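Before any comments, here is the structure.
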């Protein structure tokens, strides 16, 4: 069975084909013999009724010179033209029997063929004249033809032409006496100004089509009309589900997907599903490393052009969207909407697992991964997976060494902006996080959380080797190295090995002499920030750590721990040479130098060596004459803090050293030792 061909192809074949015309006398005789039932009131031209007449009977009707249905600018020279005009969008097969074309009865076409088969868009209905037996005019056929691309549609009994079927429908539904008078445009009339504009704007090479509302130019008449529909508010395509109207059929089809629960497009990377293919394609670009769209201002690259356009607004000073509550302005309306939820407290996105609510849907999606354990973002270098793409990007800087965030004060670079913000507080001295129990302030929230464990006594981190518990995970990790004996960090200058990188960094300051942390009170410098913090308590007198046994307070937690061993008698650090035990690891280290004879600390003034750095520091005061420790009672100054403490007992009368033999008390331990000799001689 031959397929339907376009009008141009048929015409070219007829003009070029040799032999007699297919419009033969036999065909004309057959047409003239066909029964012709006329429309009521149309006896003058004998318009045949579509329900009782085959196509051949309409051929002479189309060629009546005075027929109302014959348009001024459309003539049908061949029966193929009539056939195509009537059925251009219907899938109807043609059977050639000699020179006569057989088609289904047109009444069947009127009544039985579905609106969708005729190309009528979803949400529109055929006019009354097409849904029952009645006028099946060329104009009605134009209505069926229009939505699928034909350019010119004719209105029955009204010499007008339209480019969109909705405008033709509107024309047909107006009574003849109410139709407007023809504009002076060759006798053609239009119901809407947009139709007149569409009629006037036949494009030529010299004059493109211009929209009178916005000045936009078009090369095609349908594009101009679609633009003008936006301005006039005319919406021709209606959704059957919600009644919403649209100016374009393609937009209606996209809208229909919002009523569908099924999401047909699923991402193979992360499993997220989408209703529309365009949304699915945009999402997939997030997984791709390709970022072809680059900002000319800052060089930042994006996977989507829309993301680039949004980013470029960040370089613009204009922020047209302002919050009515606080006056903060935003470049995007979506950002303003999200911001306003801070004031309203609205959190519309609720987790179905735990009930936690979020202001943004993106935060809910990220949170869901804590329940599912999903980590869709994997590092190509080491294979480590992350639940968020932002975490992956931060991690990748470990491999690249990139540190894009630089401190304006000292020039120190950082891989994360959060680390830069924390570092800035070193320069500003800002400590925004305050303990509600003791009032102590911290520069980082994590430091406050760790500090609060002093008050609560919480030690959530337990060593699985010895069962010892710690308040901080970092301290547990350091402790576990005691069991392994591992010291992977070695000094390149002296070869000394350390179990922690921080200890190595601090040690290297011995060789470089670098002491970047200075005390604002006395100017003393330190190689470690922690030592500076401890030193500053000398000036403030702060002693936040209190012994629960005797009430004694200490400036350092480590000193408190060491002190508590006096009460419990615990001496966990034992010398493997002589078996002597100590309550402090530092005392054991100092003691072991007795066996080795090691004195690594040498005075640069006199060359004297010492086994402990503290002894060297105390010795150097002899050369400098410095006496930094002053008694608050009498003003007397001392070179050593321990001597000051002993001196203060003169004023307080404290005698902490008791003789076990006679009970006599002494203010100094050395005096107790001398006294005990009296009993041993006896």
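Any Cβ shown, glycine's included, is placed from N, Cα and C.
Keep in mind it's a predicted model, so treat the numbers as computed, not measured.
Annotation comment: Swiss-Prot describes 1-33 (among others) as region 'Disordered'.
Annotation comment: Swiss-Prot describes 1-10 (among others) as compositional bias 'Basic and acidic residues'.
Looking at the region 'Necessary for transcription activation' (62-210) alone, the prediction's average pLDDT is 43. According to Swiss-Prot, the feature region 'Necessary for transcription activation' maps to 62-210, an assignment based on similarity to another entry.
The feature region 'Disordered' is assigned by Swiss-Prot to 112-134 (among others).
Annotated compositional bias 'Basic and acidic residues' per Swiss-Prot: 113-125 (among others), in sequence order.
Annotation comment: Swiss-Prot describes 209-231 (among others) as zinc finger.
The zinc finger annotation in Swiss-Prot covers 237-259 (among others), and the record cites sequence analysis as its basis.
DSSP assigns residue 253 (SUMO2 cross-link) to a helix. Among the features that Swiss-Prot reports, SUMO2 cross-link is placed at 253, with the record citing similarity to another entry.
Taken from Swiss-Prot, the feature zinc finger applies to 265-287 (among others), supported by sequence analysis.
As a summary of secondary structure, the region 'Required for nuclear localization' (268-393) carries 51 helix, 18 strand, 57 coil according to DSSP. Annotation comment: Swiss-Prot describes 268-393 (among others) as region 'Required for nuclear localization'.
Residues annotated as zinc finger in Swiss-Prot, with sequence analysis given as evidence: 293-315 (among others).
If you look up Swiss-Prot, you'll see 341-373 (among others) marked as region 'Required for nuclear localization', on the strength of similarity to another entry. Same-chain residues lying 6+ beyond the ends of the region 'Required for nuclear localization' (341-373) with a Cβ under 8 Å from its Cβ atoms: 323, 325-326, 387-388.
Feature annotation from Swiss-Prot assigns zinc finger to 349-371 (among others); the stated evidence is sequence analysis.
Through the fold, the zinc finger (377-399) approaches residues 286, 366, 369-370, 415-416 of its own chain, all at least 6 residues removed from its boundaries and within a Cβ separation under 8 Å. Taken from Swiss-Prot, the feature zinc finger applies to 377-399 (among others), supported by sequence analysis.
Swiss-Prot lists 405-427 (among others) with the feature zinc finger, giving sequence analysis as the kind of evidence.
Only residues 6 or more beyond the boundaries of the zinc finger (433-455), in the same chain, are considered here, and those with a CB under 8 A from a CB of the stretch are 422, 425-426, 471-472, 544-545, 557. Marked as zinc finger by Swiss-Prot on the basis of sequence analysis: 433-455 (among others).
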Positions whose Cβ lies under 8 angstroms from the zinc finger (489-511), at least six residues beyond its ends: 478, 481, 527-528
Residue 253 (SUMO2 cross-link): tally of other CB atoms within 10 A of its CB: 14
Alpha-carbon distance [residue 487 (N6-acetyllysine); residue 253 (SUMO2 cross-link)] in Å: 67
For residue 487 (N6-acetyllysine): intrachain residues, at least 6 apart, with Cβ closer than 8 Å: 481, 497, 498, 499
Assigned conformation of residue 487 (N6-acetyllysine) - DSSP reduced to three states: coil
